[in-house]
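Some features that TrEMBL has for this protein:
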- 14-35: region 'Disordered' (REGION)
- 20-29: compositional bias 'Polar residues' (COMPBIAS)
- 50-160: domain 'Ig-like' (DOMAIN)
- 184-278: domain 'Ig-like' (DOMAIN)
- 282-374: domain 'Ig-like' (DOMAIN)
- 378-469: domain 'Ig-like' (DOMAIN)
- 474-557: domain 'Ig-like' (DOMAIN)
- 500-521: region 'Disordered' (REGION)
- 570-661: domain 'Fibronectin type-III' (DOMAIN)
Amino acid sequence: MGMRALPGTLLAKSADRPAVTSSPPTKANATPPLAFRRLPSRKDAAGFTPTVIFTLFLLHTACGDSIQDAVHITAILGESVVFNCHVEFPEGHPVPYVLQWEKKGQEIPIYIWYESYPTHSAEGYEGRVSRVSPDSPYGAASLNLTNIRESDQGWYECKVVFLNRLPNQNKNGTWFHLDVHAPPRFVVTPEDVVYVNLGDAIILNCQAEGTPSPEILWYKDANPVEPSATIVCAFFPAGVFNEGTELRISNIRHEDIGDYTCIARNGEGQISHTARVIIAGGAVIMVPPTNQTKLEGEKVQFNCEAKAQPGNVTVRWFREGAPVKELASLETRVTIRRDGSLVINPVSSDDSGQYLCEVSNGIGEPQSASAYLNVEYPAKVTFTPTVQYLPFRLAGVVQCYIKANPPLQYVTWTKDKRLLEPYQTKDIVIMNNGSLLFTRVNENHQGRYTCTPYNAQGTQGSSGQMEVLVRKPPAFTVEPEPMYQRKVGESVEMHCEAQEAEGTQKPSVQWQRRDGTPLPKNRVKQIGGNITIESLRRSDFGFYQCVASNEVATIVTATQLVVEGTQPHAPYNLTATATEFSVTLSWLPGYSGGPDYKQTIWYREAGVSEWSTIPVTPSGSTQVTINRLAPGTTYEFQVVGKNALGDGMMSKIITVRTLGKHLLLLMQ
């Protein structure tokens with residue numbers, strides 16, 4: 001703290017007093033008297049401002065002023081120490097004095113005391129320095145230093161300054177040297193757990209501070225690791241370097257895995273730190289999720305507990321391949337807990353599906369496990385069309401759009417607010433999906449219908465009323481020919497038109513292949529109901545359908561397109577029956593595509609690369625028996641056609657096993 005003005009205010013240094021040097025002062029450079037000046041005070045009645053000058057002189061202390069006479073003190077970090085300094089008054093008569101303690105290297109005294117005035121403590125010493133109590137056994141100028149720090153170490157000088165007294169020219173104060181001892185403390189330590197792979201090289205760094213400077217020792221599983229003067233190599237895989245601060249291990253082997261302890265010690269104490277070196281491993285799922293069934297509205301939790309080295313496991317959850325956090329339908333209801341478990345609360349009927357947890361710690365491939373969530377709920381109607389149509393004198397369906405889990409058990413229907421009994425009504429059947437099938441529609445089927453679905457969980461209610469109207473279906477006015485025959489490279493045009501019934505919408509007309517194969521867009525043109533296919537190819541061979549649709553019904557008519565002048569099409573529906581030594585094949589031939597059509601059987605024993613062939617005779621046959629086969633052996637078979645233009649496409653391969661002797665005995 002700062003000082004108030006003394007009767008003569010103390011200046012930190014006189015203009016003619018040199019700064020403290022790096023070594024204690026000697027007789028040759030004894031400090032001259034310090035100058036004290038009374039600052040201007042209030043004016044007297046005459047307006048005169050008096051200025052009084054005092055001179056302070058250094059008191060002769062009990063001890064000598066040379067470094068040889070210094071008192072050496074040793075203290076422990078955090079403890080307290082007393083610098084014992086006596087006051088010897090001139091001629092034994094007490095007079096006013098100023099006590100000043102200085103530390104070598106600091107320009108401002110660390111402590112100044114003057115009776116009846118506040119004391120001064122330098123920065124860093126506030127609250128830690130004080131003059132000893134007058135009734136203590138120490139000298140009156142003694143200084144008490146508490147909570148000692150390592151920075152307190154150094155040279156201290158006790159000075160007593162008298163007011164208006166001559167100094168003892170042979171003395172310059174009492175010197176003390178403070179040694180601060182501190183037990184070791186770590187400033188750098190390795191990680192508690194160090195993950196490595198075999199063959200890696202690592203450095204464990206351990207640094208400590210203290211007074212005296214601590215010694216660093218290393219142990220592996222309680223066995224000392226000796227310092228090394230050479231670089232670590234394959235023959236000497238571990239060594240201590242840099243005055244013990246580094247333990248280096250190269251080309252890590254299984255025997256290098258273990259606990260490595262760094263010990264720092266000096267005369268004041270000993271500390272240690274242990275690092276465990278272990279082989280890193282990828283994450284492994286210990287508790288996988290399991291399939292669960294929940295009622296809609298309940299909470300579900302899927303566990304996914306994993307372990308890994310290192311243990312920084314990241315858990316990700318997916319539903320049907322999509323991250324659950326990115327699904328808008330789950331966003332507000334899903335939580336991934338810190339233990340990796342997935343919680344959905346509450347579950348919805350749409351949440352049913354496969355859930356997969358994936359764990360990883362960055363080592364190796366991520367591991368995953370999945371489970372299925374089955375959400376049950378009462379059967380419900382998801383959509384109610386206000387109007388449905390039935391085609392007059394054709395078969396028609398009145399749909400009940402149902403969703404149910406567990407599966408639908410039955411549906412009740414009403415017509416014009418009366419219970420409908422389909423099983424007792426002619427021409428009406430309830431389909432497996434709950435809809436009504438009218439095998440032949442008549443005008444009496446028109447009316448207002450409702451449906452109510454049920455399953456093992458019950459029902460969520462009935463549909464709204466659906467107005468069922470009976471209308472005449474559209475009709476074809478132009479139909480394609482039963483068959484069109486063209487050659488490769490030519491074009492074909494097939495015609496089809498349809499007309500709507502009175503009071504209904506005009507039907508749309510579309511063409512499609514019966515086998516579902518898409519039409520070749522770059523070679524197909526459709527204008528109205530007419531379709532043209534250009535640059536015909538073998539792949540264009542097949543059956544085509546003209547489809548006319550409106551709100552009442554969809555009607556279909558078909559034709560066949562035969563493309564001539566191609567290699568044969570592949571035989572199909574290949575089947576086989578086996579005996580002990582033979583296999584009989586049957587099939588349906590593909591389109592021949594041209595003249596001189598022949599067929600060949602290809603077969604081989606499973607696992608053998610080369611095929612054997614047998615021609616089919618007569619050429620139009622669709623059944624052949626292959627003899628002289630080994631019993632209890634698996635064979636592969638396929639059929640291929642050939643004509644004058646070349647080999648055709650092969651049938652699909654079927655696998656057949658001949659009967660073994662033991663199987664024949666069982667059959668007999």
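Note: Cβ is positioned from N, Cα and C throughout, glycine not excepted.
TrEMBL does not curate its annotations; it predicts them automatically.
Owing to the predicted nature of the structure, the values given are computational and were not obtained by experimental measurement.
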Discussion item. Give the nonlocal contacts of the region 'Disordered' (500-521) in its own chain as ranges (CB under 8 Å, at least six residues past its ends).
Written reply: 471-475, 494, 528-529, 531, 533, 540, 542-552, 555, 558
Worksheet item: Per-residue pLDDT averaged over the domain 'Ig-like' (184-278) comes to what?
Response: 84
Worksheet item: Per DSSP, what is the residue tally for the region 'Disordered' (500-521) in helix, strand and coil?
Response: 1 helix, 6 strand, 15 coil
